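Notes follow the structure.
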Amino acid sequence: MADAARPPPFGRRELLAFGAGDLAFNIIWGLMLSYLEYFYTDICLFPPASVALILLCARGLSIVTDPLVGMVIDRRPAGRQALPLLRMGLVPFALMIVLTFVPVGGGAAAGAGRYVWACVTYMGLCVAYSVTNTAYGALTSLISARPEIRLRLASARMVGAGLGALLIAVLTMPCVDWLGHGDRRRGFMLFMMGVAVVVAALLWLAARLCHERVGAHSGRQPVRVLARALLRNGGWLRLTGAMILVMLGSTFMFGALVYYVRFVLRGSDHDAGWMLGAMNVLGLCGSLSSGALARRWGNRGVMGVGTCLCGTWLVLAWLAPPGWGVTIAATCLFGACMGVCNPACFALLADYVEDGARRSGVRTAGLAWALNSTASKLAFDGGGSMLAWLLAGSGLVAGDHAQAAAARAGIGVGFLAIPACAFLGAGAMVLLLCPAPVAAPVAAPPARQGQNPVDAVNSTASPPPT
């Protein structure tokens with residue numbers, strides 16, 4: 001019976017299914033990062049200050065939701081810690097994707113109802129995202145304890161993430177215009193219905209084909225024990241701090257990109273989509289090379305140097321006069337470097353979680369990934385709110401096709417200057433403050449009765465990563 005319940009060996013099919021999960025999440029993340037504020041200000045015609053308030057109110061729930069989900073994961077039995085939550089959250093998540101992009105009220109119609117609707121639906125999306133994404137993120141630590149497999153999982157995540165962001169960048173506005181026949185409010189709603197179906201199908205693949213193999217801690221650990229063990233994990237704490245800066249910089253940059261292309265470079269929102277697409281193609285190429293670089297220089301070195309390079313390209317673009325050439329060059333180089341360092345970042349996080357479990361004797365995979373996710377989401381909506389306030393303070397007028405010089409300057413600061421500082425700070429934090437994770441000792445299983453000793457040793461050799 002025990003053998004029948006044992007999950008199958010990790011293979012290519014499971015790797016692809018795991019990557020499909022991040023493809024799904026990054027379709028939604030890319031929409032929220034690059035188009036949510038644009039949808040609220042230019043489609044729903046909300047003032048930027050109101051958008052900032054909506055984002056802040058919604059994200060407050062994640063302070064509670066993510067840690068609760070993480071604690072539930074850590075207190076569940078081995079083999080059924082995260083996957084049941086991922087399966088249960090599929091339908092509510094798909095429903096909230098659709099409802100968030102259903103605008104209530106016509107044009108700039110007065111009344112608080114449409115603001116309440118936007119806030120409530122976005123709050124629902126954030127909660128559903130928290131449940132499913134936290135469970136999915138914990139799988140990086142639960143599928144396997146082997147560092148080389150975790151690096152492959154992280155690389156698959158980033159390839160999926162790049163594909164999701166690429167699809168959203170290239171398809172969103174053309175599909176919205178085609179489906180809406182000139183009515184972008186209707187186009188967004190219809191487009192998001194299709195997106196919800198695709199996202200649910202991809203997450204179902206991950207929930208169906210992935211398996212948990214890392215055992216849970218014996219017994220149900222009190223919350224204070226889990227929290228104490230996690231807060232003593234210095235590597236996890238410092239890397240989470242660096243990831244907050246990365247998310248803050250990404251939120252400013254991608255949130256301001258459409259505005260920068262439209263109002264500073266005098267392009268169209270379709271041009272912004274193609275620029276995002278180019279960044280993500282190069283990001284995919286970077287993700288494919290990340291594993292080889294990490295095996296040579298380590299996850300910490302790749303993450304730190306890659307993040308510093310991201311900030312460097314943005315600094316150079318900020319110092320140069322605005323123009324298509326310098327903007328395209330800087331954003332493409334930025335995308336390639338982000339693609340290289342992202343898989344190393346998630347593999348390094350899993351290493352720190354496992355390192356902390358070895359040191360403390362307490363497994364905190366669920367809570368560690370949940371709090372890391374909470375921090376990133378707070379940085380996302382905090383950054384989105386700060387960007388909205390920056391645009392409002394600079395004099396951006398919702399729906400206008402021309403903006404004053406002060407508004408264009410504010411857009412430039414949000415698109416280049418602030419992200420550059422955030423990425424340089426994150427890279428320095430990883431290189432100077434994050435410790436090198438301790439490699440886990442690999443214990444050889446006892447030789448089976450009658451087995452040749454040489455065969456027993458050879459049977460413990462790990463297959464080369466593919």
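Keep in mind that glycine also has a Cβ here, set from the backbone N, Cα and C atoms.
Since this is a predicted model, take the numbers as computed values, not measurements.
Here TrEMBL flags 15-36 (among others) as transmembrane segment. Residues 97, 129, 132-133, 136, 139, 143, 152-153, 156-165, 167-169, 172, 192, 195, 198-200, 202-203, 205-206, 208-210, 250-251, 254-255, 257-258, 272, 276, 380, 384 of the same chain, all 6+ positions outside the transmembrane segment (15-36), place their C-beta atoms under 8 angstroms from a C-beta of that stretch.
Residues annotated as transmembrane segment in TrEMBL: 48-73 (among others).
What TrEMBL records for 85-109 (among others) is transmembrane segment.
What TrEMBL lists as transmembrane segment is 115-139 (among others).
Sequence-distant contacts of the transmembrane segment (159-181) (same chain, at least 6 residues past either end, Cβ-Cβ under 8 Å): 18-27, 29-31, 34-35, 187-188, 190-191, 194, 269-270, 273-277, 279-281, 283-284, 287-288, 339, 342. The transmembrane segment annotation in TrEMBL covers 159-181 (among others).
What TrEMBL lists as transmembrane segment is 187-207 (among others).
Under the heading transmembrane segment, TrEMBL lists 236-260 (among others). Counting residues 6+ beyond its ends, the transmembrane segment (236-260) has Cβ neighbours under 8 Å at 33-35, 37-38, 230, 269, 272, 275-276, 303, 307, 310-311, 314, 327, 331, 334, 345, 348-349, 352-353, 356, 368, 371-372, 375-376, 378-380, 382-384, 386-387, 391, 396, 411-412, 414-416, 418-423, 425-427, 429-430, 433-435 in the same chain.
Positions annotated as transmembrane segment by TrEMBL: 272-294 (among others). Non-local neighbours of the transmembrane segment (272-294) in the same chain are 30, 34, 151-152, 155, 158-159, 161-163, 165-166, 168-174, 254, 257-258, 260-262, 302, 327-328, 331-344, 347, 465; each lies 6+ residues outside the stretch with a CB under 8 Å from one of its CB atoms.
The transmembrane segment annotation in TrEMBL covers 301-320 (among others). Packing against the transmembrane segment (301-320) from elsewhere in the chain are residues 242, 246, 249, 253, 290, 293-294, 326-327, 329-331, 333-334, 337-338, 340-341, 344-345, 348, 412, 416-417, 419-428, 430-431, 434: each is 6 or more residues past its ends and has a CB under 8 Å from a CB in it.
Feature annotation from TrEMBL assigns transmembrane segment to 326-350 (among others).
The annotation transmembrane segment is assigned in TrEMBL to 411-433 (among others).
What TrEMBL records for 444-466 is region 'Disordered'.
Annotation source TrEMBL lists compositional bias 'Polar residues' at 449-466.
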The transmembrane segment (85-109) touching the transmembrane segment (187-207) per 3+ Cβ pairs under 8 Å rule: yes
